[in-house]
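A short worksheet on the structure shown next.
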Amino acid sequence: MSISLSTEAVNKVIDGKATAEVVLQEVKAEVDQFKQQGIQPCLAVILVGFDPASQVYVRNKVQKAEQVGIRSLEFRMDADTSTETLLAKIKELNEDASVNGILVQLPLPKHIDENTVLQSVLAEKDVDGFHSENVGGLSQGRDVLVPCTPKGCLRLLKDHLGDLSGLNAVVIGRSNIVGKPMANLLLHENCTVTIVHSKTQNIQDICKQADILVAAIGRPQMINADYVKENAVVIDVGINRIEQHGKTRLVGDVDYDSVYPIASAITPVPGGVGPMTIAYLMKNTLHATHIQHGH
Ligand code: GUN
């Protein structure tokens with residue numbers, strides 16, 4: 001009895017860290033194949049300003065790239081960098097054939113025109129999938145570069161559930177980075193998809209219909225048991241730093257302890273979606289390398 005209970009508990013927590021390691025092994029094998037053809041995949045990361053969280057994310061991205069054999073270039077620019085100076089840097093990287101992927105870490109300082117910057121990255125080097133060519137391509141179901149976090153979430157869902165056809169999926173949050181691309185990916189998997197957001201009425205009732213619930217709102221522990229259907233699979237995209245008992249702690253958008261007993265499976269924070277985002281950035285860098293070599 002105790003053995004079957006503990007097995008159930010292990011399967012119930014979706015281990016993003018372990019799955020990310022599997023994805024990184026896949027990436028490493030593919031990098032080796034590129035290298036045998038004399039191709040060295042390369043990712044350029046640009047950070048403007050000194051936001052502490054962004055500095056950590058960028059360091060992690062660069063380290064992970066090196067770990068799997070992808071060459072990484074890191075460019076740090078002052079917080080008062082002008083839009084023109086940033087655009088000039090991106091143009092240089094667009095024109096550099098040895099650079100396959102370009103990522104501009106967000107958020108950018110307020111004086112910078114974010115839309116112009118994101119549109120200036122060549123679509124075939126846009127490993128974030130933020131360029132309108134890629135956004136449109138995703139909407140049409142073309143094999144384009146797609147934002148890393150929703151791709152990582154989808155991998156966790158498919159690894160756990162297999163075929164998603166016909167399932168009711170509710171995405172909480174409508175951001176360009178997560179909510180909207182997540183909804184599109186789930187739609188292409190034949191889910192029935194609803195997006196709810198801050199102006200939605202009866203959010204709880206809608207969430208309670210979901211077989212798959214993806215929380216991407218940026219509100220610490222907002223989604224508790226009242227939002228979750230029995231046996232739903234819950235994916236928590238939130239990364240929120242909260243003060244508790246005089247210490248800071250990372251929590252998701254889901255109230256894990258409240259939801260765990262109801263869900264059939266749930267991603268923890270940390271160790272859920274976070275590692276998958278970086279792993280899929282590496283996958284996207286290889287996808288970009290394929291596109292540029294006409295594969
Ligand atoms: N900041 C928070 N998430 C992301 C992301 O997915 N890509 C980039 N470039 N910046 C981010």
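Placed from the backbone N, Cα and C atoms, the Cβ positions cover glycine too.
Automated prediction, rather than curation, is the source of TrEMBL annotations.
Noted in TrEMBL for the protein shown:
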- 14-128: domain 'Tetrahydrofolate dehydrogenase/cyclohydrolase catalytic' (DOMAIN)
- 147-291: domain 'Tetrahydrofolate dehydrogenase/cyclohydrolase NAD(P)-binding' (DOMAIN)
- G173, R174, S175, I239: NADP(+) binding site (BINDING)
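Feature map: TrEMBL annotations on the structure.
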residue	record	Cβ within 10 Å
G173	NADP(+) binding site	23
R174	NADP(+) binding site	18
S175	NADP(+) binding site	17
I239	NADP(+) binding site	19
Segment confidence, the domain 'Tetrahydrofolate dehydrogenase/cyclohydrolase NAD(P)-binding' (147-291), expressed as mean pLDDT: 98
DSSP helix/strand/coil residue counts for the domain 'Tetrahydrofolate dehydrogenase/cyclohydrolase NAD(P)-binding' (147-291): 55 helix, 32 strand, 58 coil
Per-state residue totals over the domain 'Tetrahydrofolate dehydrogenase/cyclohydrolase catalytic' (14-128) - DSSP helix, strand, coil: 60 helix, 19 strand, 36 coil
Largest inter-residue Cα distance among G173, R174, S175, I239 [record-listed NADP(+) binders, Å]: 16
